[in-house]
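Okay, handing you the structure first.
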Amino acid sequence: MDQQMALTWGLCYMALVALCWGHGVTEAEETVPLKTLQCYNDYTNHIICSWADTEDAQGLINMTLYHQLEKKQPVSCELSEELMWSECPSSHRCVPRRCVIPYTRFSITNEDYYSFRPDSDLGIQLMVPLAQNVQPPLPKNVSISSSEDRFLLEWSVSLGDAQVSWLSSKDIEFEVAYKRLQDSWEDAYSLHTSKFQVNFEPKLFLPNSIYAARVRTRLSPGSSLSGRPSRWSPEVHWDSQPGDKAQPQNLQCFFDGIQSLHCSWEVWTQTTGSVSFGLFYRPSPVAPEEKCSPVVKEPPGASVYTRYHCSLPVPEPSAHSQYTVSVKHLEQGKFIMSYNHIQMEPPTLNLTKNRDSYSLHWETQKMAYSFIEHTFQVQYKKKSDSWEDSKTENLDRAHSMDLSQLEPDTSYCARVRVKPISNYDGIWSKWSEEYTWKTDWVMPTLWIVLILVFLILTLLLILRFGCVSVYRTYRKWKEKIPNPSKSLLFQDGGKGLWPPGSMAAFATKNPALQGPQSRLLAEQQGESYAHLEDNNVSPLTIEDPNIIRVPPSGPDTTPAASSESTEQLPNVQVEGPTPNRPRKQLPSFDFNGPYLGPPQSHSLPDLPDQLGSPQVGGSLKPALPGSLEYMCLPPGGQAQLVPLSQVMGQGQAMDVQCGSSLETSGSPSVEPKENPPVELSMEEQEARDNPVTLPISSGGPEGSMMASDYVTPGDPVLTLPTGPLSTSLGPSLGLPSAQSPSLCLKLPRVPSGSPALGPPGFEDYVELPPSVSQAAKSPPGHPAPPVASSPTVIPGEPREEVGPASPHPEGLLVLQQVGDYCFLPGLGPGSLSPHSKPPSPSLCSETEDLVQDLSVKKFPYQPMPQAPAIQFFKSLKHQDYLSLPPWDNSQSGKVC
C-alpha cells in the first residue's frame, strides 16, 4: 500500500516536472535536406527533385531520398552545381543534389510522399529498472540572503503525497556546489547536507568576487532506492570516451519515482543540421513501439554535443516496471501536388527577318495533355549588355513576337522560357539557348540627306561643265565642217564662176526651156546663195533621159532671159539625127544638189575611143556605155584649160573671141534651129532630196529624151561630134550683158556624106580644144585668131592622144581641199600655163597648181569672185558630203 502511494506520488511529481519543462519544449526541427527538397514534374513522364545536404555531414552519413506512392522507393540522385528551387540555410554549407524520377501516373488526386533515410542503421536501446534508476526531484526556489557574518542559501523540494511516493526525506540529501563565475563547475566546491538550507561563512569566498552555487537532490546512502542525483541548476557538460560521432550518445532515462520517465541523449552538434532523432519506447517487450513527444533541445553551449530531452509517462509503474527506450533517426516528409509543380522543358527559339523587322518564334515540348496552356517570358538585349539590363516581355498563349526599335548593325541576344497556366501551375522552365543575330546596316537619315545634297550639287556641276564642254565640242566640230560661206571666195555665192546671165543664156536659146522650166531657171538665177550655209539644196536638175527631144527644123532665136545681164551662148553645130536610127537612152549626171555625182559606180572610158560618125541626116546619136563618174579631162587630148586671168576684164571681146574661135577652127556654123540649148548645172543634190527637172531638148520631137536627174553625155552640151570641140571660158567683165565667164562649146558639123560615127568611146569627157587655149593666151584687146588645128576624129582612123591643158597631164580634174574648203588644185598667183610633160593615157592622178589667182573687178551689186573654184558649196551637214564612189575594177586602165 505504501509502495502504491509512493508510486502515485511519483507519477504526479513527474507530471509536475514535465509541466515545468514545458516552457522549453519545441518540436524537432526540419533537417536541411527536408527544407531544401523541391520536386517538379512535366506531368508527362518524369519528376525532377532538388535538395541539398550539409557539407559537415558528408563524411559521417549519406542521406537517400525515398519516393512513396504505394510503397517507398529509393531515388537515385547525383551532385548538382546549384540548388535549383530553394536556398540553403545561412548557418550551413550545402551540397546540392538533383534527382530524376521516371513517373507517368500523374493525376490530380495523387499525393507523392518524399522522405530521407541514412544509408546505415542508426539507433540504441536500454532496459530501465525503476527502483534502480531513481533521480530525486530538482530543488526549487533557490535563493540567497546575506547577513553581517554569513550568507544563507535556501531551497525547497516537493515530495508529493507521502502515501504514494517512494521517496521520503530520509531517502534524499542535497549537494551544494559553488564557485566563481568564471570558473568551471568541475573546479567548484561542494558540500552535502540533509537540510533545505546551508550557511556559508565569508571566509569561504574571495572578496569582490562573484560566486555561483547550485543545488541538486541525491539519494542518501541509507536509502533502498538507487539512482542518481537530480540535475544542477546549471547543467554540467563533460567529455566522454571517443566513438562514432554520428551516432547519438549518452542516452539516459530516469524515472522520477512517481509517474514520469525522463530521458535525454546527446547528438554531435555538427550532425544536428542533417539528421533529426526521435525517442521511441515500449512499456513491455511485446507492446508496440511508440514515439516520445515532445522532444526538447537544449540551447547549444560550449560543448560539442547537443542534448535532447523527452519525458515518458509511466501510468502504472508496478504493471510496467521495465521500459524499452531507443533513439532513432526521425523520418520527416511533406506532400507535393504534381499538377501544381510542373516545370516544362525549355522552348526552341528561332528568328526570322521580315523586310525591315525581326520576329522571334519558338516551339514548346509536346505534353501528354494538349489542353494545358502556357505563358512565355521573352528577354532580349544587346550582346554587350547583361541580362539584368535586358527587356522582358510576358506573353500568354503566343508563339512569336515582333522585335521593333532595334539599332542597325548591332548584335542582339534573345532567350525564352515557359510555364503552364490556368488550372495547372508550376515554375518557369530553364531558359532556352541564347539566339544571337546581328541587324543589318542602315544608312542614317542624316547621311542620306548629306549624300543627296552632295549628289545634287555634283550633278549640277557636271551638267554645267558638261554642257559647256559639249557646246565647245559642237562648235569645234561645226568649225571643222567645210563651209565655203566663211571664205571670201564664196561671199558672192560663186557668181564669179557661174553668173546668172550665162544660165539665162542657156534658158533663152533653148526652145525646150520654155514654160515652167524657164521660170524655174530664172528663179534659181535670181536667188542669193545664202542657202549654201545650211542644208538647203538647189532645185535645179535636168529632164529624165528617157525623154528624147529633137530640135526644131526652123530657125531658133533665143532672146536673153535676164533683166540684169544677158549672154548669148555660142551655137554649137551638130548633125541632125537620122530618122531611121533609134535614139539610145543615155546615162545622165546627178544634179540633185550642189555637187556633181554619178548615178553609177564605174569609171568611164576615154573620150576619143567613144567618138562615132554622125548620121547622114545630120543628127548625132550619142551612145554612151555608161554615165559619167568623175569629171576628168581626157588623157592624150590637145584641149587645154585656159587661165582665166588672161581673159578676165575683156568685156564683149571675149564673146567675139569665142565666136571667132569657133569660126576660125574651120567648122561650119550650126543653124539656130539645129542648135540644141546648152545648159550646165553645177549643183548636185543627194538622191533623197526632191529634184526639180529641167528639160533639155535635142531639137526634134523624135530626138527628144526623157528628163531625169542627171546630165548625160548624150545632152547637146556634152555630146561631142566628129569635128573638133571648141571650148572658150572667158569672163565678161565690164559689160552688163555678161558679168561672169561663159563656157563656149562648138560642136563641128559633119558633112552629110560622111559615114556615121560608131559608138563614141570617150564621150564622157569635156575637152578643151587648142584653139580655145590659144585664144585665152592672147593678150587682152588683141585676140589672136584661133588655130584651126583642133583634132577631128575621123572614123576608122586611130585618134591621137592629146593631153589637156591641165596641171596634171593625166587628165584628172581633182579638187584640192585646204582646211574647210575645196579649190581647183594648183590655183595660185601667176599665170596658168599648160604642162609640157607628156600625158599619160590611162592615169588620172591628183593635179597640182591648176588654176592661178584671178583678179576680177568687183561690182557694187555683187562681191568680187576670188578664184575659179567650185561654183556652189554647202556645209557638210546631214547627207550633203562630197565623196568618191568606189572604183570599178573593170576599168583598171584608168584612175578616173
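Placed from the backbone N, Cα and C atoms, the Cβ positions cover glycine too.
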Which stretch does Swiss-Prot mark as motif 'WSXWS motif', out of 428-432, 588-592, 773-777, 793-797?
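Comparing 428-432, 588-592, 773-777, 793-797 with Swiss-Prot, motif 'WSXWS motif' matches 428-432.
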Compare the Cα of Asn350 (N-linked glycosylation site) against each of the recorded positions Asn62, Asn141, Cys310 and report the nearest.
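That would be Asn62, the closest of Asn62, Asn141, Cys310 to Asn350 (N-linked glycosylation site).
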Tell me which of the disulfide-bonded residues Cys39, Cys49, Cys292 sits in the most Cβ-dense spot, judged by other Cβ atoms within 10 Å.
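When each Cβ's neighbours within 10 Å are tallied, Cys49 leads.
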Nearest by CA distance to Cys253 (disulfide bond): which of the recorded positions is it, out of Cys39, Cys49, Asn62?
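Nearest in space to Cys253 (disulfide bond), counting only the recorded positions, is Asn62.
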Tell me the coarse DSSP state (helix, strand, coil) of Cys94 (disulfide bond).
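Assignment for Cys94 (disulfide bond) reads strand.
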Provide the number of Cβ atoms within 10 Å of the Cβ of Cys94 (disulfide bond), excluding the reference atom itself.
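Excluding its own Cβ, Cys94 (disulfide bond) sees 20 Cβ atoms within 10 Å.
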So, by DSSP, how many helix, strand and coil residues make up the domain 'Fibronectin type-III 2' (343-439)?
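Final tally across the stretch: 3 helix, 48 strand, 46 coil.
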In the same chain, who gets a Cβ under 8 Å from the transmembrane segment (442-463) while lying at least 6 residues past its ends?
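For the transmembrane segment (442-463), the list is 408-409.
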